[in-house]
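Peer 1: Annotated compositional bias 'Basic and acidic residues' per TrEMBL: 1-22, in sequence order. Per TrEMBL, the feature region 'Disordered' maps to 1-24, 290-367. Feature annotation from TrEMBL assigns domain 'Core-binding (CB)' to 58-139. Summarising the annotation, TrEMBL assigns compositional bias 'Low complexity' to 305-319, 350-359. Positions annotated as compositional bias 'Basic residues' by TrEMBL: 334-349.
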Amino acid sequence: MASIARRPDGTYRPRYRDEHGKEHARHFKRKVDAQRWLDEVTAAVQTGTYVDPKRARTTVGELADVWLAGKINLKPTSRARYADVLKTHVRPRWGNVALIRVTHGDVQAWLSELSDRGLAGASVRKAQGVLSGILGLAVRDRRLAVNPALGVALPPLQEKRRRYLTAGQLEALADAAGTGRVAVLILGYCGLRWSELAALRVRHFDLLRRRVLVEEAVTEVDGSRLVWGTPKTHGRRSVPLPRFLVDELARTVVTRPADELAFPSPQGAVLRNRNARSAWFDAAARAIGEPGLTPHETPAHRGLAGDQGRCQRQGGAADARARLGGHDPGPLRRPVRRRPGRPGRRGRPAGRPAGRIPRTSCGPFAD
């Protein structure tokens, strides 16, 4: 219901009820202006594009808390990274700004400022993504009509230089790492991420079958806090161990209690990436003539890259390059074996039974 009433002072008071039955009103000196405003808001209510002016005055910071709490599908590490972007980039600029005051031009100026300050293109894009997510929630909640963070110009992503170690360089790196020798070999030959290596326990190694079970990951966030979770993309997998590593693992790892960390810090705690780098990894990288090498680059050595074609032919991974770089693209597949003339039943693919942990078998790891 909408109407316009003339007040004793000669002004006009149009009023209407929104979709929730709440009454809203304004005052105009001219009746034509009052009618125009009333027509606009009633049309918006009828078409579903109505925005509550009071709800639009909610600040970005207030809605950011609601947005982050709603990300129930995120792993703890991802949630922590979103919170860090909010704290570092979004809240300082937008925390106290009302939703209705956020404009497309202001968002573009903010992103340009971040880029001019030397922030990497990927980080600028993350900041835009978080702000856009918050404003997108505002649109869905009928607090805003449109998302002003969409359609902005973003800086290009910087292409990272890929570094490939030969098998000899990987061995030299391991030898130079001292106490980190076995950890380097596990990173290099098994394609694990640092977060997966740091979470390994003695019980995860099966030396008889030459496998290591990767089912946990631990990541450092906020510069100090450790967050435990599942491996990236929630991938639980069984990874083959090279034969030559079995004896070393038998001497240095599996002699300890099953629930102990396989590669702990000198204090027996989680081996943090930054501590290992300062203690032995960076020095080992310099010793082999590869300063700046990171643990993340050790799995991508040429000895594995050369087996990419074979891995693909065997069906060892959906994307061999992704696996060799330490990134599991999804459930790993073994070759499907069928008897001649006996195709798999309809609705039940032949091959590995459902529920088994994915295994890989290619390159220097073949069983």
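Here, residue 1 is simply the first one shown, and the rest follow in order.
Every residue gets a Cβ built from N, Cα and C, even glycine.
Nobody curates TrEMBL annotations by hand; they come from automatic prediction.
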Peer 1: Could you give me the DSSP helix, strand and coil counts for the domain 'Core-binding (CB)' (58-139)?
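Peer 2: Residue counts for the domain 'Core-binding (CB)' (58-139) by secondary structure: 64 helix, 2 strand, 16 coil.
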Peer 1: What is the pLDDT of the domain 'Core-binding (CB)' (58-139) when averaged and given as a whole number?
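Peer 2: That region's mean pLDDT is 93.
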Peer 1: Under the DSSP assignment, what numbers of helix, strand and coil residues are found in the compositional bias 'Basic and acidic residues' (1-22)?
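Peer 2: DSSP classes over the compositional bias 'Basic and acidic residues' (1-22) add up to 0 helix, 11 strand, 11 coil.
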